[in-house]
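Record features (TrEMBL):
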type	residues	note
BINDING	A:Lys261	ATP binding site
DOMAIN	A:4-344	domain 'Glutamyl/glutaminyl-tRNA synthetase class Ib catalytic'
DOMAIN	A:374-499	domain 'Aminoacyl-tRNA synthetase class I anticodon-binding'
MOTIF	A:11-21	motif ''HIGH' region'
MOTIF	A:258-262	motif ''KMSKS' region'
Amino acid sequence: MATKVRVRFAPSPTGGLHLGGVRTVLFNYLFAKHHNGEFVLRIEDTDQTRYVPGAEEYIIECLKWCGLNPDESPQLGGPFAPYRQSERKPMYRQYAEQLVKDGYAYYAFDTPEELNAKREAIPNFQYGHQFRKEMRNSLSLSPKEVKDLIEQGVPHVVRVKMPENETVTFNDMIRAEVSFDTNLVDDKVLLKADGMPTYHLAVVVDDYLMKISHAFRGEEWLPSAPVHILLWKYLGWEADMPQWAHLPLILKPDGNGKLSKRDGDRLGFPVYAMNWADPKTGDLTKGFRELGFLPEAFINLLVMLGWNDGTDQEVFSLDEMIEKFSIERVSKAGAKFDFEKAKWYNAEWIKKTPVEKIRSSFTAILDDNGIAGVEEHYLNSVIGLIKERCVLLTDFWQQASFFFRRPHEFDMDAVKPKWTNEKTEFFKSLVSTFPALPSWNATDLENEFKALAADKGLKIGDVMLPFRIMLVGGKFGPAVFDIAALIGKEESSERVSQFLDLINQ
RNA sequence: GGCCCGUUCGUCUAGGGGUUAGGACGCCAGAUUUUCAUUCUGGAAACACGGGUUCGAUUCCCGUACGGGCUACCA
């Protein structure tokens, strides 16, 4: 079938967007764009009890930040609107009823209490062919009883009737052939008592209605795949069923298991794409964005968790990823998240991103620190000098604050023990030569500095470090003469004088 | 417990019947940077185990072990 490639990301708006979720979006997006297809955002808000206000907007903001914008969404609309399952509620019942009519599903009247009692009484209880006759449903009750119950408005659900002794086999794009014995799959609820579909019904109906061609989701969905596949068949849509791809999971760095928000809190790294403030508790969970990650680095590190292009290349732009992505090269095994490597990707991206493109991030940091009105050319020069020393964008202030205000503290331990009157004299002379200097640039200044040191019989190394401490405050930063050149003649003089007063008092 | 999925350096991975099993992060050492970082060079570091198949298996098959996922009127 030469149908158009259409994929979807279908999150449940229950909280912050997990990095695994973003990777699922990314693989969806890359696959779609690689094939000139469409990427749909569908909100799966069928569980009203878990709905969290703001979560949907948050998800959209995350996608925007990552540059993975959908072609159709609740906000954008599209030919298959609405894209929010709660707004599609009336559509689902007819399909559930059709399944009942065709004998593929049935009404069940068991209360939650009854179900719990059953689960406690029978170890490994499964609502399936073995026990469904013992439950209260349209398979065990007489047609009249069923009719009466429904007419009385007794709450009920619709369950799929899993067949006996069948094998459901399908071809997963990542795992090849996977099979399930239907005897071991339970009669999943399709329509809840509140009239909302469960994920199982909704995903099939909406994927069909929205003409989804390829369905990507996490490996945790593999066990329910047979239910979905049977539903496609029972609804008569088998020929239109999307191709499935169950993505490997992202695992916690230590030990094993799916990476969770808790692991991030525990180990000190973000798990959500952006800051997430829980509206109920007010708890703030840090995100990659606020921690100082570039979106390019974020998606780059995510794509490498489970995919590679077969070469040694590790740094990819979105366009390169789109061009090179192929589902055949997605690995089967889960990948442990490594924050050290994540930071490396960020450092690489900060280094390779042009100053103009990251300037706004730094302006924001300056704002936060009360620095305003910095001249653009000056800022650009500072960024150019500092860029390759930042692993996170947020390292900028610590690395560059001295370019915008005088240091508050000085690393006296680095100079005091070896301080001499000769050094005081040297710096006094140095400053006195400044006004007459024909030009103010790093190389001329360096020559002047060295000549004077030689003249005074001082070793260069003995005065370089103090000079740095005077200008910067500590043992860090770019080349000293670059710093002096940039902050200017006046400022350099004043910092030297100020420091001389301090150390000689 | 049952079902399903998985298993190459610590981590992300390439590879694939005959290779010195390659790269990257991290780590260690050295060079450069008269600070620190960057950069460069070098180093340690892996095919889970047992049976097959084969002249030959890390690679193919089967088991075992280990790990993970699922087992809700959650997604």
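Every residue gets a Cβ built from N, Cα and C, even glycine.
As a whole-number mean, the pLDDT of the motif ''KMSKS' region' (A:258-262) in this prediction is 93.
Note on the domain 'Aminoacyl-tRNA synthetase class I anticodon-binding' (A:374-499): DSSP counts are 93 helix, 0 strand, 33 coil. Across the motif ''HIGH' region' (A:11-21), the DSSP tally of helix, strand and coil residues reads 3 helix, 1 strand, 7 coil.
The residues of the motif ''KMSKS' region' (A:258-262), classed with DSSP into helix (H, G, I), strand (E, B) and coil, number 2 helix, 1 strand, 2 coil. A sphere of 10 angstroms centred on the C-beta of the residue listed as 'ATP binding site' encloses 16 other C-beta atoms.
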